[in-house]
Amino acid sequence: LKPGRPHQFDWKSSCETWSVAFSPDGSWFAWSQGHCIVKLIPWPLEEHCIPKGFEAKSRSSKNDTKGRGSPKEKTLDCGQIVWGLAFSPWPSPPSRKLWARHHPQVPDISCLILATGLNDGQIKIWEVQTGLLLLNLSGHQDVVRDLSFTPSGSLILVSASRDKTLRIWDLNKHGMEIQVLSGHLQWVYCCSVSPDCSMLCSAAGEKSVFLWSMRSYTLIRKLEGHQSSVVSCDFSPDSALLVTASYDTNVIMWDPYTGERLRSLHHTQLDPPMDDSDVHISSLRSVCFSPEGLYLATVADDRLLRIWALELKTPIAFAPMTNGLCCTFFPHGGVIATGTRDGHVQFWTAPRVLSSLKHLCRKALRSFLTTYQVLALPIPKKMKEFLTYRT
């Protein structure tokens, strides 16, 4: 996908695609295409956009979309450069509709919504189906770089900013700011809430990663191990793993419960740089888990998109992509979307895998058991190692 019309050069509204996102149900794709514009596109894409190989896989979901009254593409003009995007979980619990009925002054956010983080520190909340602006959240003093909703559907939104803070907002209460998390000394690049909603990970331009409790909003621990700024982080779908990507060209896989470093994925074996610069030619930009939790995708400055299998130290697939900035998996698997510096979005086929029964059991157990609880189970050591991803 390319930006629709050529814009006059304007340094205030540059053309980078800093963020791409699929709605959790897979029916919408959002893309910050530069020049203050966010495009909301019904998924799957129109026939003329889809390469031949995709068509058969996309048919079934296309029929579902038609049944809902064919949503149309929308253009959201945010008035500022858009850095972060996040869709709310879907569908919303019925309790929220009751709450809204008794508080008519509060917008009824029982719809799918999109949060956009802007250059001036504002966060704009949009209704996806209509493209209407619902709320404007003010509080950050600098660029809102990343956004993350709690997956539970409670409409708690976390924002990460260049003002070195994270803020927690409750969209059920008219976007009330409920907490400010301070402690980072550099710009905060990335925030990710664990799927079980217990933890929040934040990465700033620092070598350490912060893990916060989403219950008490206090710092649990700092994860030390990278040699340069950490720029991206993501939890596995069962919350048992955390991956972090850094300018030091490494992805580290952690156990977020114990703080243990499980393995590292090296992007290249680089010679030491001649100068003191710690930004390498294959600095990482983005890392994300696949929806079933067996693969990772990474985007680096060496012009490659890589796909990694969880147990292997080397990538299983490469794709050439220039100036990549971000990547995300389609929630039902099989596709990766990437955004680039020139405002373009590319879609790539990803491995479609049927999870083994072993992995499905592990995922089901780890969705509600911490590492410590697994280690306390009266089961053989090898099973514990498998359940805690130590194998």
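In case you wondered, yes, glycine gets a Cβ from its N, Cα and C as well.
So that you can see what the record holds, here are the features copied from TrEMBL:
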- 356-391: domain 'SOCS box' (DOMAIN)
- 56-75: region 'Disordered' (REGION)
- 114-136: repeat 'WD' (REPEAT)
- 137-172: repeat 'WD' (REPEAT)
- 181-222: repeat 'WD' (REPEAT)
- 223-264: repeat 'WD' (REPEAT)
- 277-311: repeat 'WD' (REPEAT)
May I ask for the residues of the chain that lie six or more residues beyond the repeat 'WD' (277-311) and have a Cβ under 8 Å from a Cβ within it?
227-229, 231-238, 241, 243-251, 265, 267-268, 270, 317-333, 336, 338, 348, 350-351, 353, 355, 359, 363, 389, 391
Within the repeat 'WD' (277-311), what mean pLDDT does the predicted structure show?
86
Could you give the number of helix, strand and coil residues in the repeat 'WD' (181-222) as assigned by DSSP?
0 helix, 23 strand, 19 coil
